[in-house]
Amino acid sequence: MINDKLPKIWHGGDYNPEQWDSQEIWDEDVRMFKLAGIDVATLNVFSWALNQPNEDTYNFEWLDDKINRLYENGIYTCLATSTAAHPAWMAKKYPDVLRVDFYGRKRKFGSRHNSCPNSPTYREYSEKIADKLAERYKDHPAVLIWHVSNEYGGYCYCDNCQDAFRVWLSDKYGTLEKLNKAWNTGFWGHTFYEWDEIVAPNMLSEEREDNVSDFQGISLDYRRFQSDSLLDCYKLEYNAIRKHTPNIPITTNLMGTYPMLDYFKWAKEMDVVSWDNYPAIDTPFSYTAMTHDLMRGLKSGQPFMLMEQTPSQQNWQPYNSLKRPGVMRLWSYQAIGRGADTILYFQLRRSVGACEKYHGAVIEHVGHEHTRVFNEVAQIGKEFNQLGDTLLDARVNARVAIVFDWENRWATELSSGPSVSLDYVNEVHKYYDALYKLNVQVDMVGVEEDLSQYDVVIAPVLYMVKEGYAAKVESFVENGGTFITTFFSGIVNETDIVTLGGYPGELRKVLGIWAEEIDALHPDETNEIVVNGSRGSLSGSYSCNLLFDLIHTEGAQAVAEYGSDFYQGMPVLTVNEFGKGKAWYVASSPDAEFLVDFLQTVCEEAGVEPLLSVPEGVETTERVKDGQTYLFVLNHNNKVESIDLKDSQYQELLSTQQLSGTVELEAKGVFILAKV
């Protein structure tokens with residue numbers, strides 16, 4: 001478990017008592033926290049200016065008081081380092097802490113996420129305050145976990161970053177000769193002869209808006225560099241804390257599929273993954289499920305923390321709808337069912353001013369417990385106390401994996417062609433969504449993950465094939481695995497240089513095909529996938545769009561063909577028998593109906609069964625602990641649904657009822673079923 005001081009699902013959230021100067025409010029907060037079953041408060045996230053009013057003065061007395069007061073009332077602390085927004089005095093005295101944006105404009109003090117990651121000043125003072133906090137609270141029994149900074153993100157293009165980029169490149173490539181080759185700088189006369197000739201790629205040099213770059217290799221490396229730079233800032237604080245508190249876990253809150261940081265690399269430096277879940281009004285339930293699975297996958301299935309979710313509404317979406325009754329509870333159990341061991345909110349008391357005053361909270365502006373949201377939070381708190389440690393450390397066992405890679409995403413998005421509408425994350429989600437509808441458990445994995453534990457591995461739009469990965473795929477398939485990849489795969493290496501010899505490059509052998517050309521049409525234009533006869537659930541015709549690989553089989557079998565255009569009759573879906581396994585290639589972006597039928601067929605052939613057969617709009621997921629399975633059934637619909645449990649006998653953990661046969665699950669309802 002994360003910390004055995006609190007052996008249950010943690011329940012709490014961000015608390016900012018420094019925003020009020022009222023003992024009466026602070027006392028009321030504690031009273032209501034206890035009513036709601038709140039047992040963890042995240043403190044000190046944005047308090048740097050309060051903690052350090054000037055260069056030489058530190059003030060932690062206010063924090064002592066709040067940590068002690070909460071602990072005396074049975075509430076533990078998730079202690080943040082306060083470095084997510086630097087103080088105004090620092091920006092005034094040391095302007096090197098201020099970022100330069102993509103357009104070359106130097107920021108002034110304001111907002112947050114505003115510190116240059118390569119500022120010597122920022123690094124010095126952030127490390128110093130983390131050190132002082134850790135030294136002060138190293139023996140405090142209230143501290144469960146350290147929370148470094150907050151939601152790292154954004155890039156900087158200042159001179160400090162540009163200089164550091166050159167050093168980073170020198171460390172990576174060693175010589176300019178190797179760098180020039182890796183970036184293909186013979187194109188457009190870009191050969192570099194001195195390291196200081198290299199400039200940061202932004203609107204003033206190689207890039208334009210919307211990920212348009214003239215030199216993808218340069219832009220790709222700058223993204224790697226900025227991700228590493230922010231990670232270095234995190235590691236400075238991590239190490240400062242670790243020397244004082246070797247046994248208290250350390251984390252920082254990630255943001256799901258956030259594009260700018262390579263979270264698989266970050267997760268290696270985190271004791272536990274934590275993330276903030278803020279779906280938009282139109283976010284599919286399956287997308288949120290996929291993101292939970294991705295966060296779990298960052299550390300190879302280790303349970304994660306849900307660090308933030310709103311109890312009711314957000315404040316920064318275009319349309320900030322209320323969570324309908326039951327939805328917060330439902331989504332909380334969705335997170336737990338997919339690997340979360342904590343449910344924490346932003347925020348515990350609603351701010352009275354600035355941009356988050358309309359962001360939802362456990363305690364609303366009215367200031368009492370007689371609200372719908374508070375009562376729902378209190379219900380969850382009661383249930384978590386009832387569950388105790390039953391679900392802690394339970395794992396999710398999946399036989400199907402989907403590959404997700406941030407560097408591949410960057411390269412795909414930076415690609416100059418063939419279509420501005422190609423969206424890597426959307427293509428990945430389409431495959432996940434089909435498996436979600438089929439109630440098949442999925443792991444989201446990085447390219448370093450061991451594939452041998454899976455029966456089926458899907459790598460949509462694997463544009464960049466990193467060194468050794470093709471051999472890894474070949475070994476997986478040779479030993480009986482089923483591999484699926486798609487159009488626009490196997491095109492380039494890690495520096496965005498095309499692999500010569502025909503697409504899909506290093507994957508050509510295992511797939512048994514050659515892609516001669518790639519057609520790109522407007523997203524509204526479609527072609528047909530016409531199945532040759534039938535195979536499993538696949539039959540008839542389906543729609544496809546976006547990109548269309550014109551492929552020739554080289555040992556693979558054509559399972560389906562294009563139905564129109566000049567490439568009518570050419571293969572669009574192939575399967576290649578390779579060793580003991582199979583490798584599938586989907587040459588276009590298919591509709592949802594095709595993906596459900598296709599992946600159902602693939603899973604049946606691989607012997608992968610669904611968790612349960614349930615109505616549309618009902619989600620299933622399963623965790624396992626000490627040989628005991630816990631099946632979560634989540635009704636996202638606005639009506640009661642009938643769930644057929646067959647002849648199996650279950651104990652439902654929330655109601656403690658014994659269930660079997662056909663049972664009714666209320667709208668927005670949850671079952672946690674332990675097989676008897």
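Every residue gets a Cβ built from N, Cα and C, even glycine.
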For the substrate site that Swiss-Prot describes with R112, N150, E356, K357, Y358, H359, which of these is also annotated: W62, W195, W316, W406?
W316
Co-listed Zn(2+)-binding residue [Swiss-Prot; alongside C156, C158, C161] among C116, C233
C116
With H359 (substrate binding site) as the reference Cα, tell me which of the recorded positions C116, E151, C156, C158, C161 is the closest one.
E151
Neighbour-count leader, CB within 10 A, binding-site residues: R112, K357, H359
H359
For the substrate site as recorded (R112, N150, W316, E356, K357, Y358, H359), determine the largest distance between any two Cα atoms, in Å, rounded to the nearest integer.
20
DSSP output for C161 (Zn(2+) binding site) maps to helix
How many other Cβ atoms are found within 10 Å of the Cβ atom of C156 (Zn(2+) binding site), counting all protein chains shown?
25
Using the recorded Zn(2+) site (C116, C156, C158, C161) as reference, state which further residues of the same chain have their Cβ within 8 Å of the centre of those residues' Cβ atoms, listed in sequence order.
R99, V100, P117, N118, S119, Y157, D159, N160, Q162
